[in-house]
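Trainee: A single structure is presented below for examination.
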């Protein structure tokens, strides 16, 4: 499995060498490395800036407007935290990609690799929790009244982070910094005689945890949800699943290409005959799909803004209270009085709780 810029670890300038073996040392990829060093840092910097602002705003709104009294919002809070953990590692990968040299030391290599995978697996696991919560709320409504409490949300979130932490342990063990005659590299280094086996196991494990398992949960849960909605249609129930469904679909759209290309590149000798040209094509495909996957960190706040009316209301109130109000003291045409808070009170009935996210 690879972290960002794992392609830098090979001294012969090849991309994502942890994903597959070279046919020959003569298959050099200097141009691809140079392209990556030029294009990836600004793209990752843009992802970092937009994603950081968006997810911090989500955290502020969820905490400021007492949205955490509703179970799904507890999971959305953890989803934003997962994105932030992932994003906080990007400045280091940007520097690494730009200068093709790891200067942050062995401990930081392990720490940042761990945070990277904590964010990745955390996002996948909390999307699964959100999907299961929607299933329970709609298909088993009476049972849901007893268990869908804030306490249950906190306990299930803590247990989920424990599972995520256990899933990340192999990444922390195998990732380390290693020096060569020219540069230092932060990447996954497996036992010499078992390298191929461990590479393939790690890539399969990543695809199972981040792709197969969420897809399986989604198929089972939404089959039950659709059957229930067909028996007793309800606009409130449709609204209740809309946001979570969009979040999950977008997650798959952004991450599936990268996972599949990584899987193909790892098992390429099984799928087709290897060649230098094909290796280069896979390198480019990994670069492109990795950028698409990382862009997902910016997307969830945008989804909330478009799909959730309550989020837009809270965002508007927050902007007028904390931004426009202060600027209005210096800029005449901006409002200088606090707006009245509208519908920020938490819902008090089951119908409201079912339909409200944020």
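Every residue gets a Cβ built from N, Cα and C, even glycine.
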Trainee: In TrEMBL, which of 149-169, 170-190 is labelled transmembrane segment?
Mentor: 149-169
Trainee: Need the matching range: TrEMBL marks transmembrane segment on one of 3-22, 23-42, 43-62, and I'd like to know which.
Mentor: 43-62
Trainee: If you average pLDDT over the domain 'G-protein coupled receptors family 1 profile' (54-304), what do you get?
Mentor: 89
